[in-house]
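K.L.:
Sharing a structure, written as structure tokens. Questions coming.
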Amino acid sequence: MTENKCPVTGKMSKATAGSGTTNKDWWPNQLNLNILHQNSQLSNPMSKDFNYAEEFKKLDFQALKVDLYMLMTDSQIWWPADYGNYGPFFIRMAWHSAGTYRVGDGRGGGSFGLQRFAPLNSWPDNINLDKARRLLWPIKKKYGNKISWADLMILTGNCALESMGLKTLGFGGGRVDVWEPQEDIYWGSEKEWLGDEREKDDEELENPLAAVQMGLIYVNPEGPNGNPDPLGSAHDVRETFARMAMNDEETVALVAGGHTFGKCHGAASPSYVGPAPEAAPIEEQGLGWKNTYGSGNGDDTIGSGLEGAWKANPTKWTMGYLKTLFKYDWELVKSPAGAYQWLAKNVDEEDMVIDAEDSTKKHRPMMTTADLGLRYDPIYEPIARNYLKNPEKFAHDFAAAWFKLTHRDMGPISRYLGPEVPKESFIWQDPIPLVKHKLITKKDITHIKKKILDSGLSISDLVATAWASASTFRGSDKRGGANGARIRLEPQKNWEVNEPKKLNNVLNTLKQIKENFNSYHSKDKKVSLADIIILGGCVGIEQAAKRAGYNINVPFIPGRTDATQKQTDVKSFAVLEPKGDGFRNYLKTKYVVKPEDMLIDRAQLLTLTAPEMTVLIGGMRVLNCNYNKSKDGVFTNRPECLTNDFFVNLLDMNTVWKPKSEGKDRFEGFDRETGELKWTATRVDLIFGSNSQLRAIAEVYACDDNKEKFIQDFIFAWNKIMNADRFEIK
């Protein structure tokens, strides 16, 4: 009998570690806590003390750019360059890396190098981009840790544009690679590629998605669901680009500028194309879409299914795309791969496109249905014609839109690295004034804390206001947070979750403390309202801990500044408004998504782990920080006292819980013996006793010997959120 045979039956085992039916298979609606623990050090091959920003400083940036410029025309036999130039190919790679960003939740984008992993590495819209990254591998190998894949892909796109005649706006490094697929990103619910279950009856795209079909970056180039309707396509383009925070001018500039370069590939039927990288045979070594038609590359390449270039000279920045778009009438045809596209009629010789491999052959320019949307849409058309008349404006606006496209998910400009960071700041970067004054000292902090204590503001007012200011932070695109004190500005000051009337009273009191301090001290020392708001939270927590019998000091680091309304794009910040905030037991309305799932989503955006989320919920409840002073989940008889009462009473078997509403959104807890009503709760509260993982964590904080641990862990998690946007101190 061999080791891997059953001693009874003698049969070979098929099982390996991690295989078999999973908990998710048995209980598909199970709460997904895994997204709170992705990207741990256990999956990271770099050492714990690895600092990418410090490594980037060692990079010979100009030498790297020279190598990238040389690569553009260094055609390889295994994947020859169209027109002898990889530039257009690399622009597509960079665009498709950054273009997955969506403003709704800040997820996607190019900041983590996600194109290397599933599902993006195998999306139909990313066909053959695996080869682009392989072409880059020798350069990545050469420069190693000094340049991340995420930075390299975007910089390569920049170099491609520059090598073909466009002056770019610049480049900011600082994108840190991850080492595994990201489970937190909702790409849609479809089970098949190019499935379309995401548009409602009114044709509005499901939030937060920014692509019309599964596996596409934006839209179907053939038209909506493959229907060659230019106006319908323009509708899709407008909606998807808006979901990426682009306006109509930026959209036209990006489409027209991007399609100035390169060609589409549809030499033959897609049936010749093998599986995507994730499903490819092991001997292909991570490459996918093996093409058995002809040579499998060059003129025989099969990609999107469309075939041809948009204009003559596809490797030079010219006005050819817009000239061709408006100069000719277009006829609907099908490519050799069977895809709908449009060919120009009666083309002048000067506008014919030389073949990508054989210079003796020429082809008519082609357009996608989406391209024709720029010509026939009543909003896009005048914008496009204006660019046609103003080449310099077109080049400038494309460069600006490209910079925004490739940097939108990086957060504030303080995170940008390298010698090509533009001096100009942009409103979409959520600018914050630089510190130009001396910061307050420990003595000053003590003085201000006493003023806050004497102000008459309650513990819950102080803590809730600090939370409201800081908890807008999103780890996805590094937006939001307490720095800037934008809680006092539109739109945040009028968000329902912030209880505007109460917020205004608190802010006015804190503002007076700030003004009194600044007027008393010399002009070279100041304190910002942003700092005082967070310091107020520290005061509240310290007082609540003192009431529980613990003298603790909540860490505080000054250095925040106050942004102005002019520096704040109201429309852009509106997307940060919480639809639900489980930490304040707030839900704007009833949603299809369960409140506990919304809590996990928000915790992930806040970069919290499951234990951090749990301890914060327990602390916020006993500190009485619920929206509108709701008693749901306030499982304590001593509110504003920092105790572990939430966990102790949640896990008390003397309480019986019963739904209070038909939808099981709210619950009542009764004494098991007397039937007396003890507590009320929401789903967010009860999930910490219902879910086995969260209950296990809750049990830790309910233990008699962990009362102080609860306080220390709460302060640690609290401080993490208060400083989430303080990139300069990390």
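The backbone N, Cα and C atoms fix where each Cβ goes, glycine too.
Annotations per Swiss-Prot:
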type	residues	note
REGION	1-21	region 'Disordered'
SITE	Arg92	site 'Transition state stabilizer'
ACT_SITE	His96	active site, proton acceptor
BINDING	His259	heme b binding site
K.L.:
Within 10 angstroms of the C-beta of the residue listed as 'heme b binding site', what count of other C-beta atoms is obtained when all protein chains are considered?
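P.N.:
There are 25 of them.
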K.L.:
Please report how many Å separate the Cα atom of Arg92 (site 'Transition state stabilizer') from that of His259 (heme b binding site), as a whole number.
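P.N.:
About 10 Å separates the two Cα atoms.
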K.L.:
Between His259 (heme b binding site) and the residue listed as 'active site, proton acceptor', how many Å separate their Cα atoms?
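P.N.:
Counting only the Cα atoms, the answer is 14 Å.
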K.L.:
How many other Cβ atoms sit within 10 Å of the Cβ of His96 (active site, proton acceptor)?
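P.N.:
Step by step: centre on the Cβ of His96 (active site, proton acceptor), count other Cβ atoms within 10 Å, giving 21.
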K.L.:
Where does Arg92 (site 'Transition state stabilizer') sit in the DSSP three-state scheme?
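P.N.:
It is helical.
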K.L.:
For a quick check of packing: other C-beta atoms within 10 Å of the C-beta of Arg92 (site 'Transition state stabilizer'), how many?
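P.N.:
The Cβ of Arg92 (site 'Transition state stabilizer') has 23 Cβ neighbours within 10 Å.
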